[in-house]
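Quick notes on the structure that follows.
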């Protein structure tokens with residue numbers, strides 16, 4: 001009995017989420033013969049979660065004349081089906097003009113081609129605008145394409161990352177599966193892709209593949225995957241300085257000068273871009289069409305930010321009316337300078353110390369710099385820094401896990417105004433509660449309400465254990481107090497938003513309050529990522 005107790009006490013140091021319902025649900029599959037089962041359980045549960053979110057409304061449902069992102073994606077499937085490639089980036093730009101790189105256009109073409117096989121009226125040119133089938137056939141098809149895209153691009157990349165890291169530091173298979181489930185159950189991505197409606201998981205999955213190839217030291221393949229990510233959604237450029245610095249350093253500085261490696265990487269990068277843009281040149285009208293594509297995917301004329309977003313420009317615009325005091329060209333320059341200053345230390349650190357265990361942190365610092373300071377940022381863009389942030393759920397450091405959990409909650413909170421507009425109130429609340437409960441954030445409550453017969457693992461039923469009396473909070477008192485304070489602020493905001501009307505003179509006051517809370521938290525987390533970069537240089541992947 002004493003040995004068993006000693007093992008139970010030592011266990012939390014080995015597993016990331018020992019004190020969580022997720023650990024307990026997967027605990028019965030610890031025997032060697034059952035270790036393949038957790039992956040299938042996680043896979044099925046991740047798909048079910050996405051399906052249940054998809055049962056709700058989507059962006060722009062029943063809101064003519066422009067509707068929303070659902071209609072935008074459907075419209076791109078429509079025009080790529082019926083128009084020559086030379087018109088894809090020119091057609092009716094006042095409606096939902098195509099404004100993503102060619103890989104998104106080809107993806108839309110393929111999905112539209114398959115969808116037309118089931119029902120051509122879904123994508124009939126011009127006649128299908130705002131189409132909402134009474135039998136929900138179109139909605140079902142569109143939702144299923146996002147799930148399949150998740151399964152093909154995002155799921156394998158995440159599972160591979162957690163397995164690679166787990167094997168590197170001798171983590172148990174069950175620990176690897178728990179880390180994968182925490183990443184796959186991230187609520188923000190699920191709600192935007194499967195609720196609001198987008199295909200961000202394709203871009204993020206391709207980026208994760210690029211990260212995996214860096215870990216495996218397949219540098220040319222990493223470059224190819226990253227270019228594919230950029231060519232699907234240009235926001236992947238938020239990671240570009242780090243990938244550039246890492247690949248350059250690994251070619252010219254570490255372990256030694258290797259011109260052959262640099263040549264192969266450069267060729268792979270240029271060849272991938274050339275292959276993807278070649279159809280626009282040869283089938284779409286030459287350089288004129290490529291120029292129009294680039295003009296569409298970098299819409300500088302729209303302004304420094306769109307709607308309300310938790311970044312520097314939107315929050316400080318309350319005090320300094322940038323659009324009134326500066327020209328668009330000036331704002332472009334200022335945002336460029338601020339963004340470069342923000343990511344330059346991370347880029348230099350990557351160039352001088354291209355270490356694998358620093359990759360998540362430098363990617364966080366770089367992408368968060370773009371989110372906070374760059375031009376034309378949307379609230380959904382927080383999904384870009386959330387990828388490397390959420391990959392840190394593979395960490396075994398309690399403090400890292402607590403901060404990752406907290407910033408994921410903050411990110412979800414900043415998406416509330418958008419999700420509220422889409423009518424995704426229930427999905428927002430349930431996703432927040434479920435994701436936090438699964439990783440143990442309600443551990444101080446759970447064992448007091450669940451009988452032991454419903455707890456298959458050892459930790460959740462141990463009410464007296466210290467791990468069961470605390471939620472996922474850091475050890476540091478200052479951090480703990482600040483995080484609790486932000487949760488109180490978030491709760492207070494939701495109370496105001498639900499029960500108190502904003503002043504008629506300031507109708508966006510509550511939304512700006514949401515942005516202010518998010519901006520403060522994101523800025524502090526961004527600084528924390530730099531702290532980790534400069535204090536973790538001598539560590540290894542085992543210390544991630």
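Note that Cβ sites are derived from N, Cα and C of the backbone, with glycine treated the same way.
As stated in Swiss-Prot, the feature transmembrane segment covers range 36-56 out of the listed 15-35, 36-56. Counting Cβ pairs under 8 Å that are 6 or more residues apart, the transmembrane segment (146-166) and the transmembrane segment (36-56) reach 3 or more and are in contact. Same-chain residues lying 6 or more positions outside the transmembrane segment (399-419) and placing a CB less than 8 Å from one of its CB atoms are 16-17, 186-188, 191-192, 195-196, 307-310, 379-380, 382-383, 386, 389-390, 392-393, 425, 427-428, 431-432, 435-436, 439, 441, 472-476, 479, 483, 486-487, 490, 493-494, 497, 511, 514-515, 517-518, 521-522, 525, 528, 532, 544. Below 8 A, the CB atoms of the transmembrane segment (224-244) and the transmembrane segment (333-353) form 3+ pairs separated by six or more positions in the chain.
Counting residue by residue with DSSP, the topological domain 'Cytoplasmic' (503-508) contains 0 helix, 0 strand, 6 coil. Tertiary neighbourhood of the transmembrane segment (426-446): same-chain residues 17, 19-23, 49, 52-53, 56, 181-182, 185-187, 190-191, 195, 393, 401, 405, 408-409, 412, 415-416, 419-420, 460, 467-472, selected by CB-CB distance under 8 Å and a gap of 6+ residues from either end.
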